[in-house]
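Database features, via TrEMBL:
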COMPBIAS  894-906  compositional bias 'Pro residues'
DOMAIN    54-106  domain 'Amino acid permease N-terminal'
DOMAIN    677-820  domain 'SLC12A transporter C-terminal'
DOMAIN    821-882  domain 'SLC12A transporter C-terminal'
DOMAIN    919-1032  domain 'SLC12A transporter C-terminal'
REGION    109-134  region 'Disordered'
REGION    879-906  region 'Disordered'
TRANSMEM  175-201  transmembrane segment
TRANSMEM  221-245  transmembrane segment
TRANSMEM  266-285  transmembrane segment
TRANSMEM  291-312  transmembrane segment
TRANSMEM  346-364  transmembrane segment
TRANSMEM  384-404  transmembrane segment
TRANSMEM  471-494  transmembrane segment
TRANSMEM  524-541  transmembrane segment
TRANSMEM  553-570  transmembrane segment
TRANSMEM  590-623  transmembrane segment
Amino acid sequence: MAELPVLELPATLSHCSGRFTISTLLGAEEGSRGPYAAAEGASCDSAHPTHLSGSTLCTRTFGYNTVDVVPAYEHYANSKGVGDAGKGRPSLADLHSILKPDPGRLCAPVSDPQRSNGLPEAGPEEVAGEPGRAPAPEPVRFGWVKGVMIRCMLNIWGVILYLRLPWITAQAGIALTWLIILMSVTVTTITGLSISAISTNGKVKSGGTYFLISRSLGPELGGSIGLIFAFANAVAVAMHTVGFAETVRDLLQEHNSLIVDPTNDIRIIGVVTVTVLLGISLAGMEWEAKAQILFFLVILVSFINYLVGTVIPATAEKQAKGFFSYRADIFAQNFVPSWRGPEGSFFGLFSIFFPSATGILAGANISGDLKDPAVAIPKGTLMAIFWTTVSYLVLSATIGACVVRDASGSLNDSVAVGSPGCEGLACSFGWNFTACAQPHFGWNFTACAQRQSCRYGLSNYYQSMSMVSGFGPLITAGIFGATLSSALACLVSAPKVFQCLCRDQLYPLIGFFGKGYGRNNEPIRGYMLTYIIAVGFILIAELNAIAPIISNFFLCSYALINFSCFHASITNSPGWRPSFRYYSKWAALFGATVSVVIMFLLTWWAALIAFGIVIFLLGYVLYKKPDVNWGSSMQASSYNMALNYSVGLSEVDEHIKNYRQGRLSACLVLTGPPNFRPALVDFVGTFTKNLSLMLCGNVLIGPRKQKMPESQLTADSHTKWLMKRKIKAFYTDVVAEDLRSGVQMLIQAAGLGKMRPNILALGYKRNWRTASPQSLEDYVGILHDAFDFKYGVCLLRMKEGLNVSRVMQAHADPATLASEQQASTVFQSEQGKKTIDIYWLFDDGGLTLLIPYLLGRKKRWQKCKIRVFVGGQINRMDEERKANPGQSSNCPLPFSPHAPSAPKPARTPFPGTVCLSCSIKRFDDLIAPFRLNDSFKDEATVNEMRQGCPWKISDEEVDKNRAKSLRQVRLNEILLDYSRDAALVAITLPIGRKGRCPSSLYMAWLETLSQDLRPPVILTRGNQENVLTFYCQ
């Protein structure tokens, strides 16, 4: 191939996407005439326009016109499945096959590659727009700072930061408080890394956490976690709003300005607050983002106010409350723990603090409103975790270095430094808090508690940050900003996640809430539903019982996100290629495990409730099997497991007891189109279901070029038809010149490793007498081929026949094949208390017994009694029983043996013997059209006749096989006498010697043996290898 000239590209012509940099190879003036330029009106690779799949395209590629097109972004942006041709991309047939000229069609103009650069072009409505109508406004999109980092930081910060972190520092000490913070941050950081990896593995759409989990682990786990995550966010709106309402209520109570009473004031303030937040959300994402920035600035000002307060010299009033500015002695005392109260333990404090580290999914939950989610989510989430962690550590260290654990708050407790009787660290600062101090080893706190003198200090006063700060009301404003921003973030997240879940239609009755409005596709209905849920929980005004469940739901989401990252990595799927490289699959597994452990550490009963809901929703989706295909890691894992187990079977030696697992019931069924022979499909599917392999084979007879399109068109439809009929089977077809050669291909190529069929199941050829002689030869030849390849054979004959193609007319429209009405067969109906009669005429290894036994274990057949008829003399059976007295008890199959052999001479041997001559005459009439009648002809003439007609029967062959023919006649009479009313009759298939028994004579034996029977008849022959054993080894 000639080397293409690569010209210098402007900066705008290089497109960077993740780890790949895409540049065009064409010059800036592609329209100019060059050495490769085509003449005006030149067509695509031919003298005329051509038929292409979809539309005819002529693309200027490397300076000349060609059918082949350069790589384009839109070909990969909306991939639906393997093998789907992208819009504008020619099919393989267009490039490989001979193009047919179509003078009536012209080449469609194509865009300039320099302008498009492989990126999607604007549609006509985007270019010109409709006359008199303004173009649609662009949706609001956010970057990583405004859309992710600020949003996550606001959701992570909460009332625990202001009201509980100083108290935790007093209990656990600075050292263990840092350990608690770092342990919590370790879980959230690992989860953040997992989110970053998943979000950079492909284009992230709206749906946030639900979208990430469902597209990674599939709809089963993704749907369940999406529903509970949306509900948890809706209830979290109520939690944060109630926290805000309680703070306002406390302020009103301090000033004796209650509206009604403490409980109803929370309800009134909460409902009004959530209504205002709803109005901000409905105004659009732009207004919501502005409100979040306002809250963010308020919190930053409150932090600065606190830090400034720590360096301002303490007033006497603040010193009475335990604040002495930065002191090394205070830092040293507060560095070690001082456990107090029922919650005074490491894991007790960890369970209180950990919810304050959550909230890292706030940015990912609005993934549909981000400019570039693959960049914004990793950068914004990790930066939010970093800065909030720094704020927690700084706050714990600074307040632990400024405030003592116990203080009275009374100005009268000031003393001179070194006064006798004064104990504790505050004595060195001129304050005597001995009466109010509560040492942590063996002291009696009863008197102190009764005097209520220990109200201040880190261990007793929750408002320590407000007391330390330069201006106390700013800390209150920070508490307001933290609670309202978290409530607003949850109010936005819940509808966004729920909208994506509704559009996927995994659960019933929720599709109504999936509709979007406006340029940002806002889920207005979802907002109203979230508002109603939030108001309902606000009216309860007591969420202490609900809060642990919500925390567990968030932790459950973290666990599944980490497991998604681990599972996608461990499967080594080609579809797992994240551009974010700073993650570890083992760290993700560790994060998932720790998240589950923390769930039970927080509240074990809430963890059980969360797991119960997830399992219930998971079971529902597994039962409904929604028609979605997202290329999840579960699919890759299923393939890996199937591959590993299939390869592992090659190392396992076969055993008779395990015949069913890999080798029985691994059936190749010649169904043709499966819906043409539903009874044959149901019969084999009944005894192979959940046991072994079933392959439905179809031979398309004709030229390969004509039949290949039919094969590709109908294969998926036949598979869907089998799934709708609940038959666990694979469908495969081959194109061949004739039926026999096609079946030979299937017999040799079907299966994988040791999971290969060894039974050939097919229908009985009813029209063998009227069919063409060659088709008769092919049918019997297929049976010979099966025996040559050591296959067992199973023929199914039904009185009404098997082929229903004339009724179904399934090939009329392959697209509607799976939705057509399913034909009912005898194998789908309840059989009642009938019998399954087995005529085990010859020792074939036991396959004649095993297939009816497996059939009898199924629910529709389990009431049937299995009877086994064996050939031979009565006295011989008695002798064998005496020689093997334990044979009946050792038989692993619940059969009832019978021996319909010659009875006493005083009676008629068979009830139908009076018509034996009639049956023999009937057999002679059956083979008469196929006889050569060569008794009076010379040998040369007979050989010439046999050479052109191998299916013909010579007089010599009739005489040699006379005894065998009479045996079939007499067996048919026995069948009619004993099994006229059976549910199923199984007979050992007689074998005709290849080259010695003409096909017409062999079919006459099968016809005579099974004729006039009402129940279905299966003619079975094993491959002479044992499939049964009496022993345990």
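Numbers run from 1 along the shown chain.
Cβ atoms here come from the backbone N, Cα and C positions, even for glycine.
Three or more CB pairs closer than 8 A are found between the transmembrane segment (266-285) and the transmembrane segment (471-494), so contact between the two stretches is assigned (pairs 6 or more residues apart). With a cut-off of 8 Å on Cβ pairs spaced 6 or more residues apart, the transmembrane segment (291-312) and the transmembrane segment (590-623) reach fewer than 3 such pairs and are scored as not touching. Across the candidate stretches 346-364, 384-404, 471-494, 524-541, 553-570, the maximum count of CB pairs under 8 A to the transmembrane segment (590-623) is reached by 553-570.
Ranking 175-201, 346-364, 384-404, 471-494 by CB pairs under 8 A with the transmembrane segment (553-570) puts 175-201 at the top. The average pLDDT computed for the domain 'SLC12A transporter C-terminal' (821-882) is 81. When each of the listed stretches 175-201, 346-364, 384-404, 471-494 is scored by C-beta pairs under 8 angstroms to the transmembrane segment (221-245), 471-494 comes out highest.
When the stretches 175-201, 346-364, 471-494 are ranked by Cβ pairs under 8 Å to the transmembrane segment (384-404), first place goes to 175-201.
For the transmembrane segment (346-364), the most Cβ-contacting stretch among 175-201, 471-494, 524-541 is 175-201 (pairs under 8 Å). DSSP states for the domain 'SLC12A transporter C-terminal' (677-820), grouped as helix (H, G, I), strand (E, B) and coil, give 69 helix, 28 strand, 47 coil.
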